[in-house]
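Colleague: Below is a structure I'd like to ask you about.
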Amino acid sequence: MACFSNETQIEIDVHDLVEAPIRYDSIESIYSIPSSALCCVNAVGSHSLMSKKVKAQKLPMIEQFEIEGSGVSASDDCCRSDDYKLRIQRPEIVRVYYRRRKRPLRECLLDQAVAVKTESVELDEIDCFEEKKRRKIGNCELVKSGMESIGLRRCKENNAFSGNKQNGSSRRKGSSSKNQDKATLASRSAKKWVRLSYDGVDPTSFIGLQCKVFWPLDALWYEGSIVGYSAERKRYTVKYRDGCDEDIVFDREMIKFLVSREEMELLHLKFCTSNVTVDGRDYDEMVVLAATLDECQDFEPGDIVWAKLAGHAMWPAVIVDESIIGERKGLNNKVSGGGSLLVQFFGTHDFARIKVKQAISFIKGLLSPSHLKCKQPRFEEGMQEAKMYLKAHRLPERMSQLQKGADSVDSDMANSTEEGNSGGDLLNDGEVWLRPTEHVDFRHIIGDLLIINLGKVVTDSQFFKDENHIWPEGYTAMRKFTSLTDHSASALYKMEVLRDAETKTHPLFIVTADSGEQFKGPTPSACWNKIYNRIKKVQNSDSPNILGEELNGSGTDMFGLSNPEVIKLVQDLSKSRPSSHVSMCKNSLGRHQNQPTGYRPVRVDWKDLDKCNVCHMDEEYENNLFLQCDKCRMMVHAKCYGELEPCDGALWLCNLCRPGAPDMPPRCCLCPVVGGAMKPTTDGRWAHLACAIWIPETCLSDVKKMEPIDGVNKVSKDRWKLMCTICGVSYGACIQCSNNSCRVAYHPLCARAAGLCVELENDMSVEGEEADQCIRMLSFCKRHRQTSTACLGSEDRIKSATHKTSEYLPPPNPSGCARTEPYNCFGRRGRKEPEALAAASSKRLFVENQPYVIGGYSRLEFSTYKSIHGSKVSQMNTPSNILSMAEKYRYMRETYRKRLAFGKSGIHGFGIFAKLPHRAGDMMIEYTGELVRPSIADKREQLIYNSMVGAGTYMFRIDDERVIDATRTGSIAHLINHSCVPNCYSRVITVNGDEHIIIFAKRHIPKWEELTYDYRFFSIGERLSCSCGFPGCRGVVNDTEAEEQHAKICVPRCDLIDWTAE
């Protein structure tokens, strides 16, 4: 093995095998030195060697060790030559490893001296099941060169079979060979993950094999199987376990196969012999290629180096000639404090000026861990481009074009107003980093059509395609056609497909003549018809039909979009896009990703579907009713979403569910949260309304329609650089904690999901004549947020432990009567003394939920209840054709008896249970009863219901004028108990002009779970205890927040008048 280091250098002349020195030699002749030519070249304090350049030959020398007892002499005459003078230093050998005398000698003295760490490797790295690779102690590791040193191998063999004795004990002969025999006797039918070679193998042999593909962005292996192969495209189809399909090229991916040796022999497969790292780079080959380059003391243009910029990892780059930069701003500034180098990075193709000390040779960087410190996909591309440069000494086409067109790029960037640093980014210590923004043309000639750029397939609008053609955004082509001024001459026309800046969803076709005149239209034919009409006017009267046939071509044909080759290219462009949201996260080598940098979708499981998705409030008003999307079931206020007309039970869909919405759900440009109430922005993107409300720089152009969202481009640059502390995604704009001394950042919707947002705080201190209310939006991090009584989900519900009967002591009877006590007429619904409440609370500890199910003659015991839970009853899903509120209401009335059942509740009395699973947003049941006035309801409660001992009062207040009395009439909905953490909520809906109180599912409700909702009992003088048993229980049924707000008098200052004494 060859090892290189900068610590110690010695000069060694190689054995002269030819009469004249040669510049390049076979790598095998260099590393395959006879054992008689081994030299002892150990130095004190280091065992890593590096050879200097000998004349024109610059090849790395392998490290040799002198082994005691091996019979190898360093003073052999074969090492001498007339052309090369051998200077051998024989320093004293330093023992770097020591063992106690009583312990047996290790298997190999060489391993004893330099190998102390052993780790197992996979089958794909070497063609052996139980082989071990050894790591050397020191500042640098042994670098594999693709072949083992013959000299070191012979040393190991001599030590293994020499039978040397130490301390009276001899090693058993052939022990290593026996261990190797055991390793080779592994089961031939056992399957292991291996890497296979693709050279000389039938492509169909891989079909049916189980594989796993490495995704660099996720740093994970995803398992699947090979299900097909396209010979025309030379791509394999991989079907992952999650059901996603993807077409990949084996040479561009990191793939392992689960096969056995028998299957490999049957399918004629071979192991991958090259040493490939986890990043997919052929490390050994790059080391050999870099070692064959001449290493000079000074760097010259064209040399490949490792360059270091402040704040970035070591990156492969090529030194660029100073003459190509011209008048480029930023790069023509010399770095102070020494010499500088102008480099261009592989992969990113950026230009930079760095100091000389910040660049090291490529071979030194490979031998150090520089290539292992970066896992970015661009770095992988850069390493592949660097490898191709080492092989063919030719730069990638884009790098060459950027170097040749440096002047044009510089002029474009100098005139750009988007770059705030005159085309360059200034770094520390005078470094300059320039990112080229010029798009490199993709040139493809088809007949007289020159395609410059294929563009990209648009997925967020359905207007960029029709039944026969696809119009990629950014498509650019050129062709020669009859001139506008002279029909006998030809002119060059440039054709482009862009996005209309006004509609943001429709394409705009532009044809530019050589004179600079542009013809725009919504279709290709609209543009070319204008050109045809112009040419016809210029034609002479004596030859009107000369160009008649040429002027009849369709606009699509002139653009080239109807050409079969162009159609195939566009189809391949659309097929190259991943087919699922999981595949969209992948960023492989050689692929261009449409996802913005740092983006990762965040999905929030909202627990409060009864609240508005915009303002996050659950109050509903007469002039601001709730609207629920009949497709995605999102809940918003009508005014919060900009809906001016009531739907009255008709079908209502949000912007993303309506016909004409984007095919793929758009992502918010302000946060990575998926879904929610979104509106278009003025620049053609989408954003959440909640994000636009919380971010200070954004606003709404039309407050009534709540769209479009404006000010996205005015958001502070520092806000885009913040990383959310909740989701950990660096994409989007973040807000910070409202505490003056806190700088914790998070996305608005992430903070809302975590309970960090204080939605509204009224500020009535208005100045001047305007009386508009100002609302402060406050949010606090976990450290500074106020103590909240927010309840946990139903999965965190705590079941009370059942007490033993012997531990229960009944309260003392103050009257002394052993049987009864007088009825307390001042109490409501029976006894309200503390003793009675304590007895009732203790009694509930023994109560279990027991739904009433008709099942013949059988006792409903606890075991029967468990069997009900375990029974497999098919879930009743709402039919997909039912969308409108009226249809859902009709379906709920017809099926609620099949879906719900009453029974004994563990909370209080009887309750309602779900016989089938329900989804969030489903209509559960309607609360029906007798509609009375509030005054009638109060009299009935005081005069009739309070005198009925053991009976409950079931009143549902709709508003200040209407109350539903379900005590003696109505459905079983009045049996639904209260809970501080409910799984349902109540809403008033309007169907065909009539109002109905509906109980909706707030979340997914499993089978046989009890239905609960928040009563929000409002009473200033009376308190009702709660027995829901949740950790966040308020302790009372009363709506404490509403009572506190009612106790405060809040009046705007504009409504106040000066008091004058009468």
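In case you wondered, yes, glycine gets a Cβ from its N, Cα and C as well.
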Colleague: Given that Swiss-Prot assigns Cys1026, Cys1028, Cys1033 to the Zn(2+) site, pick the one from Cys980, Cys984 that the record assigns to that site as well.
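Modeller: Answer, per Swiss-Prot (Zn(2+) site with Cys1026, Cys1028, Cys1033), from Cys980, Cys984: Cys980.
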Colleague: Select, from Ser779, Ser947, Ser986, the one residue given the annotation O-linked glycosylation site by Swiss-Prot.
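Modeller: That would be Ser947, per the O-linked glycosylation site annotation in Swiss-Prot.
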Colleague: Zinc finger per Swiss-Prot sits at which of 420-476, 477-533, 591-647?
Modeller: 591-647
Colleague: When DSSP is mapped onto helix/strand/coil, what comes out for Tyr954 (S-adenosyl-L-methionine binding site)?
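Modeller: Assignment for Tyr954 (S-adenosyl-L-methionine binding site) reads coil.
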Colleague: For a three-state summary based on DSSP, what are the helix, strand and coil counts in the zinc finger (591-647)?
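Modeller: Residue counts in helix, strand and coil order: 4 helix, 9 strand, 44 coil.
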Colleague: Per DSSP, how many helix, strand and coil residues does the domain 'FYR N-terminal' (441-500) have?
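Modeller: Its residues fall into 3 helix, 29 strand, 28 coil.
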Colleague: Which value in Å gives the longest Cα to Cα span across the S-adenosyl-L-methionine site residues His908, Tyr954, Asn977, His978 as recorded?
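Modeller: Max Cα-Cα spread across the S-adenosyl-L-methionine binders: 14 Å.
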Colleague: Suppose we draw a 10 Å sphere around the Cβ of His908 (S-adenosyl-L-methionine binding site). How many other Cβ atoms does it contain, all chains included?
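Modeller: Other Cβ atoms found within 10 Å: 17.
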Colleague: What are the non-local neighbours of Asn977 (S-adenosyl-L-methionine binding site), defined as same-chain residues 6+ apart in sequence with CB under 8 A from its CB?
Modeller: Ser905, Ile907, His908, Gly909, Gly911, Glu1010, Thr1012, Cys1028
Colleague: In sequence order, which same-chain residues at least six apart have a C-beta under 8 angstroms from His978 (S-adenosyl-L-methionine binding site)?
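Modeller: Same-chain residues close to His978 (S-adenosyl-L-methionine binding site) (Cβ under 8 Å, separated by 6 or more) are Ile907, His908, Thr1012, Tyr1013, Asp1014, Tyr1015, Phe1017, Cys1026, Cys1028, Val1037.
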Colleague: Does Tyr954 (S-adenosyl-L-methionine binding site) have same-chain partners at least 6 apart in sequence with Cβ under 8 Å from its own Cβ, and which are they?
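Modeller: For Tyr954 (S-adenosyl-L-methionine binding site), the qualifying residues are Gly929, Asp965, Ala966, Thr967, Gly970, His974.
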Colleague: Per DSSP, Asn977 (S-adenosyl-L-methionine binding site) is which: helix, strand or coil?
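Modeller: Assignment for Asn977 (S-adenosyl-L-methionine binding site) reads strand.
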